[in-house]
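Participant: According to Swiss-Prot, the protein carries these features:
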REGION    27-88  region 'Disordered'
COMPBIAS  43-55  compositional bias 'Low complexity'
COMPBIAS  74-88  compositional bias 'Polar residues'
ZN_FING   171-206  zinc finger
REGION    220-415  region 'SBD'
ZN_FING   223-283  zinc finger
BINDING   Cys228, Cys235, His247, Cys251  Zn(2+) 1 binding site
BINDING   Cys258, Cys265, His277, His282  Zn(2+) 2 binding site
Amino acid sequence: MSNRKGGGGAGDYQEVIESLRRSQLIFEEDENAGPEIPTVVTSSSSASSQRSSASQHHRLNNMVVGGGGRDNEMSNNQNGNTPSVTIPSQCQVMTPRISSPSSVMAPSVTVTSGTVQQGKTFARIQGSSPSNTTHSTPTVAQAMQSVAPHIPIVGAGADDSSAEILSVFECPVCLEYMLPPYMQCPSGHLVCSNCRPKLQCCPTCRGPTPSVRNLGLEKIANTVRFPCKFSNSGCPLNFHHIDKMDHEELCEYRPYSCPCPGASCKWQGALADVMDHLKKVHKSITTLQGEDIVFLATDINLPGAVDWVMMQSCFDYNFMLVLEKQEKYDPAQSTQMFYAVVQLIGSKKEADNFVYRLELSANRRRMSWEATPRSIHEGVAFAIQQSDCLAFDTSAAQLFAENGNLGINVTISRIDGQQRRHPNESDAVDVEYD
C-alpha cells in the first residue's frame with residue numbers, strides 16, 4: 001500500500017488507519033481476491049484532478065474506508081475515473097464485499113478523533129474465501145473471555161505460579177503455612193497465630209505486633225489448597241485450610257515418637273523404624289508371639305511410680321502392653337492406682353481393626369476390660385489420665401497377686417466392619433466373684 005501526499009485529508013486518513021491498528025482490529029489481506037479500493041483524495045479540486053489521472057489502484061487489507069461529505073455517501077466519477085472519497089474527522093469502517101453470491105456485513109465501529117467507541121461490537125474480519133462461509137461476529141464480552149487466562153486452584157499443582165502464591169502464606173518465624181484468621185502489622189506484614197503470642201513486635205519491620213485482620217487474604221485462602229505439613233516426609237495431599245489440621249493429626253507420614261512410657265527418650269522417626277528403635281535402644285522390653293498371652297508384672301509392691309512394658313506380636317502387627325502404677329493424690333488420703341492399656345504400633349485407622357481384652361483372674365475372682373487399642377499417635381498417657389483403661393487400686397491388685405506378682409491375661413482379636421465399635425466405646429470393667 002502506498003501513501004499519497006496532499007492536503008490535510010491524507011493526514012486524517014493516516015490518523016484513522018493508525019487508530020484502527022491501535023484498537024487491535026484484525027484485518028488479513030487476501031492477495032488473490034477482493035474489490036478494488038477507491039482512491040482516497042482530498043476535498044480540494046486541484047488534488048482531485050491530479051489523483052483522478054492516476055490509473056493505479058490500491059488495496060487496504062480488504063477494507064473499504066467510506067465516508068461522505070455532508071450527506072455521508074460516495075459519489076462516482078462519471079468519466080470512469082476511480083471514485084473519490086472525502087475523509088472527514090469521523091469515519092466508519094465497513095466490511096468488503098466478498099466475491100460470492102452471499103455477502104457478510106459486520107457491525108461497524110465508530111471512530112471519533114482517533115478513539116474507538118466501545119459501546120458497539122467489533123468484528124474479527126478474515127480474508128475472502130471461495131466458499132460461501134458466513135463468519136460469526138463475537139461480542140466484546142466474548143472476545144474478552146476468549147483471551148482471559150484460566151486461573152487454576154492454587155496448590156493443586158507444582159508449577160512456579162502456585163508456589164509463588166503459596167509463599168505469601170508462609171510465616172516468617174516458623175516457615176509453616178499460615179491459616180486464617182490472618183493478622184498483619186500496620187506495614188502489612190503477617191505472622192501465624194501460633195507465633196504471634198510469643199512476639200513482642202513484628203518480626204519483619206520491628207513495628208507493632210500484627211493485630212489488624214486481613215479479610216481480603218482470608219478470601220484468597222478459600223481458593224488455595226495447602227500441602228500437608230508433612231509433605232517433605234512423603235505426603236502428597238493438598239487440603240482446604242479447614243481440613244488441613246484434622247488431616248495432619250492423623251497423617252501417616254508424620255514423625256512418630258518413641259512409644260515407650262516412663263522414659264525420657266526423645267527419638268522420632270518413621271513408623272517402619274519404631275520397632276528397630278525399641279529393639280536397639282530399649283532392649284529390656286520382651287516380645288511374645290500369639291493372640292493370647294499372659295503379661296506377668298513382678299514386684300508390684302515396689303514404692304513410688306513404676307511401669308511394666310512388653311510387646312505382643314500377632315496378625316503381622318506389634319502391640320505394646322503397658323502397666324503403670326501411679327500415686328493418686330486425694331485431699332483425704334493418698335492412694336496408689338494401677339492402669340493397664342494396650343497400644344498398637346500403627347495408625348488410628350489400623351487400630352480400629354482390633355479389639356483387646358485384659359483379664360485378671362485369681363482366687364475365684366475375675367476382673368476384665370475390653371476396648372479398642374490406642375494408636376501410636378494417641379499414646380497411652382491420655383488414656384491413663386482419663387482412666388480409659390483397666391484401672392484398679394492396690395487393694396484390688398492384692399486380691400489377684402501372688403507373691404507380689406500380678407498376671408494379666410491379654411487377648412487381641414481382629415474385627416470386621418460390622419463388629420467395629422465406636423472409638424470412644426469401651427466395655428465397663430467386669431468383676432466376678434466365684
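Backbone N, Cα and C define each Cβ position, glycine as well.
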Participant: Sequence gap of 6 or more, C-beta under 8 Å: which same-chain residues meet both conditions with respect to Cys251 (Zn(2+) 1 binding site)?
Facilitator: Cys228, Lys229, Phe230, Cys235
Participant: Neighbourhood of the Zn(2+) 1 site (Cys228, Cys235, His247, Cys251): other residues with Cβ within 8 Å of the Cβ centroid, in order?
Facilitator: Lys229, Phe230, Ser231, Leu237, Phe239, Glu248, Glu252, Tyr253, Arg254
Participant: Just to be sure I understand the packing, how many Cβ atoms besides its own are within 10 Å of the Cβ of His277 (Zn(2+) 2 binding site)?
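Facilitator: Around the Cβ of His277 (Zn(2+) 2 binding site), 17 other Cβ atoms lie within 10 Å.
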Participant: Using a 10 Å radius around its CB, how many other CB atoms surround Cys228 (Zn(2+) 1 binding site)?
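Facilitator: That number is 20.
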Participant: Between His277 (Zn(2+) 2 binding site) and His247 (Zn(2+) 1 binding site), what is the CA-CA distance rounded to a whole number of Å?
Facilitator: 26
Participant: Where the distance is taken from Cα to Cα, which of the binding-site residues Cys258, Cys265, His282 turns out closest to His247 (Zn(2+) 1 binding site)?
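Facilitator: Smallest Cα separation from His247 (Zn(2+) 1 binding site) among Cys258, Cys265, His282: Cys258.
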Participant: For a quick check of packing: other C-beta atoms within 10 Å of the C-beta of Cys235 (Zn(2+) 1 binding site), how many?
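Facilitator: Around the Cβ of Cys235 (Zn(2+) 1 binding site), 17 other Cβ atoms lie within 10 Å.
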Participant: Could you count the residues of the zinc finger (171-206) that DSSP puts in helix, in strand and in coil?
Facilitator: 3 helix, 5 strand, 28 coil
